[in-house]
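J.: For reference, TrEMBL lists these features for the protein:
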| type | residues | note |
| --- | --- | --- |
| DOMAIN | 43-148 | domain 'FAD-binding FR-type' |
| BINDING | ARG97, PRO98, TYR99, LYS116, LYS122, SER124, THR165 | FAD binding site |
Amino acid sequence: MSLPRPVKIAGSLTITGLALYAITQARSKSATETDDPGVFSQWGPRSLRVRSVDTVNHNTKRLVFEFPDAQARSGLSLTSAVLTMCRPKDCWFPVIRPYTPISDLNTQGHLELMIKHYPHGKASSHMHTLKPGDTLTFLTSLPGFAWKPNQFPHVYLLAGGAGITPIYQLIRGIFDNPDDRTKVTLVFGVNTEEDLLLRGELEEYARRFPGRFRYLYTVSRPLWEGSEVRKGYVDEEVLGRVVERETMGRSKVFVCGPPAMERALLGSWGERGILDRLGWERGQVYRF
């Protein structure tokens, strides 16, 4: 016997609510140990107002959301995301989506997101209609990998498209921490040069830390002949060029990109992925 539709919906919402409660209770417990728990350290949704909106390229915007208290910090740990909820037009139910902040997590007064618009994406379409003064509901924070400074001598960060946002947050956290000496190699794959999001910020870190940070861009459809950016994908050939075999066994790989890229790197349906063929163990790889 099938359950009535309202019962199914209520059950789904209950399960979602319990999951969110478990996540935020864990964060609230750790937050009580600090004097400044932060905006996202406590249970419960909060509505944040849009301070500014900047267009990055043809399908990406940067949105800054201000905290009610100008002195407040996010309270997010490195590699965390935030879970948002919106009610797009013509949608019966709210749409819930996670996004990774690109701003310094210790910045006071605001949080910045970079949002790529997808033609049929309900949440991203709604986000691209927001303007200064509008509000967005933030449900909770989503902890990611428990990063510890100097845990690995070398990390490899493999990003594709909008998957650069969690990768960039980790890069920023590593190099903004004077006690973290981790070496970082980034391989960033996109469709065209215009899709190299955060390029200026990445190249500034490379300038400041030439011995510890190197990057390689790869573009599948270059906009012009003679482009200095490598043509191609995040594939076995390019990864074989950047891997340092002497520290490979003690390194960590972080992956975030489109499904096709992740399948190629991680493998699927019993097929070995590129990372496996190159010699990385499954436990060395973390997928955002």
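Glycine too: its Cβ is placed from the backbone N, Cα and C atoms.
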J.: Restricting to the chain of THR165 (FAD binding site) and a gap of 6 or more, list residues whose Cβ falls under 8 Å of its Cβ, or answer none.
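T.: Sequence-distant Cβ neighbours: TYR99, THR100, PRO101, ILE102, MET114, LEU197, CYS256.
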J.: Other than its own, how many Cβ atoms are within 10 Å of the Cβ belonging to LYS116 (FAD binding site)?
T.: 20
J.: Just how spread out is the FAD site if you go by the largest Cα to Cα distance in Å among ARG97, PRO98, TYR99, LYS116, LYS122, SER124, THR165?
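T.: Answer in Å: the longest Cα-Cα distance is 20.
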J.: Would you mind checking how many other C-beta atoms are within 10 angstroms of the C-beta on SER124 (FAD binding site)?
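T.: A 10 Å sphere around the Cβ of SER124 (FAD binding site) contains 22 other Cβ atoms.
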J.: Over all shown protein chains, what is the count of other CB atoms within 10 A of the CB belonging to ARG97 (FAD binding site)?
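T.: There are 17 such Cβ atoms around ARG97 (FAD binding site).
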J.: Other than its own, how many Cβ atoms are within 10 Å of the Cβ belonging to TYR99 (FAD binding site)?
T.: 23
J.: Is it possible to list how many residues within the domain 'FAD-binding FR-type' (43-148) are helical, extended or coil according to DSSP?
T.: 6 helix, 46 strand, 54 coil
J.: Averaged over the whole of the domain 'FAD-binding FR-type' (43-148), what is the pLDDT?
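T.: Across the domain 'FAD-binding FR-type' (43-148), the average pLDDT comes out at 95.
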